[in-house]
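Engineer: I am attaching a structure below and will ask some questions about it afterwards.
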Amino acid sequence: MNVEETAKAEGVKTRRREAKGGRGSLPRAGGAEGRRGGGGERRRRMSERIASCGNLCDSTNLLLQYCNNDDTVSASSNMDMEDRVSHLEQRLQLQEDEIQLLKAALADALRRLGSCEEQSQGTPAGGAHAGRRPLATTTSAPSTKVRQLLQALPSRPLSNGYVQQKRLLSSPSSPKKEVLQSIKRKSMSTERLTLIRREMAAESRSRTTSSSSSSGGKSKSKECTYNAEDGYVRMFLRGRPVTMHIPDQQKEGYSLDQKVALPDKKLKLQWVYGYRGRDCRSNLYLLPTGEIVYFNASVVVLYNTEEQQQRHYLGHNDDVKCLSVHPDMVTIATGQVAGNSKDGKLLAPHIRIWDSVSLNTLHVIGMGVFDRAVTCVSFSKSNGGSFLCAVDDANDHILSVWNWQKEKQLAEVKCSNDSVLGAVFHPMDTNLIVTCGKSHINFWTMEGTTLTKRQGLFEKHEKPKYVLCVAFAENGDAITGDSSGNIYIWAKGSNRISQVVSGAHEGGIFSVCVLKDGTMVSGGGKDRKVVLWEHSYKKQAEMEVAESLGPVRALAEGKPGELFVGTTKNAIIRAAFPDTLTPIVQGHTDELWGLDIHPSMEQFVTCSQDRLVHLWDTHSHQPLWSKTIEDPGRSAGFHPSGAVLAVGTMTGRWLVLDTDTHDLVSMHTDGNEIISNIKYSPDGNFLAVGSHDNFVYIYAVSENGRKYSRVGKCTGHSSFVTHLDWSKDSQYLVTNSGDYEILFWEASNGKHVTNMDIVRNLEWATSTCTLSFNVFGVWPDGADGTDINAVCRSHDGSLLASADDFGKVHLFSFPCSQPRAPSHEYGGHSSHVTNVAFLHDDSHLISTGGKDTSILQWVVA
């Protein structure tokens with residue numbers, strides 16, 4: 001490397017150190033130094049740094065020359081061409097990462113500098129808190145000069161496949177405060193992060209009337225303040241002020257200390273849409289009452305298919321993962337994952353044993369014993385069901401046996417290092433348990449408190465990657481289905497194969513069910529076939545499940561000649577040979593956010609990341625139609641006429657569907673990011689499209705929702721748009737964003753409204769923005785700004801429902817304008833609740849779950 005290149009490289013390192021250090025040393029916006037005009041020298045230095053960074057970003061040739069001329073590297077290792085290319089790629093990646101860090105640091109520094117410039121021009125009385133721009137007097141973006149400087153910086157794809165946009169401000173929605181971290185959207189979060197957030201929230205809960213939220217390990221949040229003179233309330237989310245202006249008619253007599261009554265009405269769970277078949281097994285059974293029992297989210301459903309009625313066991317507070325029915329066909333055991341108790345303490349995974357007639361809990365076992373989750377559970381058969389075996393999700397997958405009536409553990413043993421997919425008692429031998437899973441089937445004999453293992457021997461037969469299921473023939477033989485599509489019969493009392501049905505299915509066999517007449521039914525994964533076998537294991541009949549309903553996951557015998565089939569696409573089918581297949585339960589299979597209510601009928605629409613759009617009927621609880629779209633769905637909205645509905649996707653595309661024919665009417669693209677909100681104006685003449693690219697696109701609508709032309713683009717948010725509402729006169733919009741901004745807009749042209757006198761007293765057609773004066777009482781202490789995912793006001797204006805990150809639906813009185821307002825709280829979801837909406841007549845509330853993909857229908861009474 002020559003002297004000039006060395007000097008340039010050292011200059012880059014020096015500037016990088018200065019940029020990191022300078023970011024921490026900048027004065028707070030509105031500080032004394034900024035007001036004295038002391039920012040001139042800082043601006044000069046910052047301009048120099050920006051120019052340097054611009055040179056750095058454009059100097060790819062310099063980097064290549066540097067790498068090719070690195071004499072030290074060349075001398076120390078005589079690399080061939082492949083090594084040199086690899087070395088160059090590593091250096092390029094490192095350089096790109098450093099550029100990203102510089103960009104983030106510069107963006108924050110420039111934002112702070114822009115704030116200083118605005119503050120130096122003076123702040124009106126009663127203005128915003130230091131570091132927060134007053135809503136009524138300034139725009140929400142930094143100066144044009146600052147924006148141009150940022151636009152000069154390049155962008156590159158991140159490791160998750162998304163492109164980091166040239167944003168002016170990182171969203172504060174992630175738990176950490178470092179500006180170098182990119183926005184963490186909830187739709188991209190992992191289940192592990194969600195669990196951590198729940199645990200953090202549980203440790204900090206302080207509310208008694210409603211679920212409280214995580215403060216990310218911080219101290220208690222600042223209290224709300226009320227400015228009577230200027231007529232606003234200011235709350236704080238993660239330390240950031242949010243100013244909400246009070247309508248004139250509500251100013252008189254307003255106080256933050258006013259008592260708020262609980263709403264007169266309550267919610268009662270009426271219907272659970274969907275079934276958990278995508279990752280659970282052996283979870284579908286028929287009871288003597290004529291009900292099929294299964295689970296979804298944290299609810300165990302007892303569904304009478306003849307009377308079209310559901311009952312629900314609500315004893316669990318997080319995902320139910322396994323289910324077993326006692327030989328008496330009344331007592332049921334269900335196991336769950338780790339969760340949170342009502343008082344906010346961590347609740348270990350456990351098993352609940354309950355009565356299916358009264359729905360009363362009889363026993364709770366395993367508190368503090370199981371790890372992570374209970375994945376398998378089974379009652380013994382031959383001794384009247386006195387024992388219960390279970391397998392947890394620990395690394396060693398512990399198999400334990402219990403006297404469940406005494407809640408006493410009898411024995412336990414390490415089952416397997418690999419996954420265990422099934423554990424069942426032998427129907428004729430009380431002391432024999434069979435477990436199966438990855439590359440194994442084990443036969444366990446219990447003697448006293450000891451469990452002794454005998455491994456199943458495949459000998460000359462093909463050893464499968466997974467043994468997926470096990471059942472028992474009338475004579476006591478064990479029957480297994482595996483991932484290779486073979487059925488093996490293991491002689492009673494033996495750990496050796498006595499008979500083989502090779503190639504019974506193409507692909508894995510997820511379920512085997514022995515019928516009362518001794519014949520057997522098997523369900524295939526890849527081939528989606530249900531096959532009936534004679535006593536001699538000769539194929540007698542078969543039928544194929546539709547691809548839209550998915551591969552077979554569980555089988556249960558119904559009335560004579562009838563079967564119930566659970567699928568991996570979360571559907572349940574009533575089936576009868578030779579070819580009768582009728583879906584009776586359907587649901588989504590991936591994260592669910594999109595929800596809207598038909599304006600005049602008892603119908604609602606949902607769209608999910610599984611690319612499915614369902615139009616549901618609330619009486620039959622079945623989809624009137626389903627449509628597969630090209631992109632994952634995220635938001636939905638009905639036209640006021642109900643003739644069409646708009647669907648926003650995860651890719652920036654949005655489309656319009658005819659509600660009668662579900663045909664595609666129109667398709668448009670705005671940006672390439674998530675369309676988080678899409679909503680028609682009350683008069684049906686406009687459509688607002690809120691995006692994660694920070695903009696709201698406004699379209700004029702004609703021909704009863706069949707023609708669209710863009711008339712405006714709302715530019716001003718510093719973070720992604722989260723919610724929006726229309727005024728009743730269809731002239732104005734209000735929006736919320738990921739950094740807790742509340743902005744107002746003219747609908748006709750997308751112009752930002754900064755005069756609060758214009759919008760303070762507007763009546764809003766809906767209240768779905770989570771930040772506004774009439775709803776801010778839904779926020780609990782220590783909220784991090786993402787804990788409340790959705791709110792919805794009832795059409796009669798008396799109730800407000802909220803959906804939070806901790807699996808709860810809350811019902812408040814409306815308006816909800818007192819801090820930490822009391823509420824009725826309801827469980828059922830096991831993941832973050834993503835959306836809520838009242839039917840057009842307020843008779844029911846619909847709520848949607850995120851990761852649990854469930855839809856719950858509540859009666860409002």
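Please read every residue number as a count from 1 along the shown chain.
Any Cβ shown, glycine's included, is placed from N, Cα and C.
Found this in TrEMBL, in case it helps:
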COMPBIAS  1-13  compositional bias 'Basic and acidic residues'
COMPBIAS  207-218  compositional bias 'Low complexity'
DOMAIN    309-574  domain 'EML-like first beta-propeller'
DOMAIN    592-859  domain 'EML-like second beta-propeller'
REGION    1-45  region 'Disordered'
REGION    117-144  region 'Disordered'
REGION    166-186  region 'Disordered'
REGION    198-223  region 'Disordered'
REPEAT    502-534  repeat 'WD'
REPEAT    585-626  repeat 'WD'
REPEAT    714-755  repeat 'WD'
REPEAT    826-861  repeat 'WD'
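For the listed features, I'd like the structural context: burial, neighbours, distances.
Structural biologist: Long-range contacts of the repeat 'WD' (502-534) within the same chain: residues 281-282, 466, 468-474, 479-487, 540-547, 549-557, 563, 565, 568, 575, 577, each at least 6 residues beyond the stretch ends and with a Cβ under 8 Å from a Cβ of the stretch.
Outside the repeat 'WD' (585-626), and at least 6 residues removed from its termini, the chain residues within Cβ reach (under 8 Å) are 187, 271, 273-275, 278, 294, 296, 303, 308, 548-550, 568-572, 632-642, 645, 647-648, 650, 657, 659, 662, 834-841, 844, 846, 848-851, 853-855, 857.
When pLDDT is averaged over the repeat 'WD' (714-755), the result is 97.
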Engineer: Within the repeat 'WD' (502-534), how many residues are helix, strand or coil going by DSSP?
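Structural biologist: Per-class counts: 0 helix, 16 strand, 17 coil.
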Engineer: Given a Cβ distance threshold of under 8 angstroms, which distant residues of the chain, six or more beyond its ends, lie next to the repeat 'WD' (826-861)?
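Structural biologist: Result: 186, 191, 194, 265-274, 276, 296-299, 312, 314, 316-320, 337, 339, 570, 587-602, 604, 606, 608, 610, 616, 618, 621, 789-796, 799, 801-811.
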Engineer: Under the DSSP assignment, what numbers of helix, strand and coil residues are found in the repeat 'WD' (826-861)?
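Structural biologist: Counting residues by DSSP class gives 0 helix, 19 strand, 17 coil.
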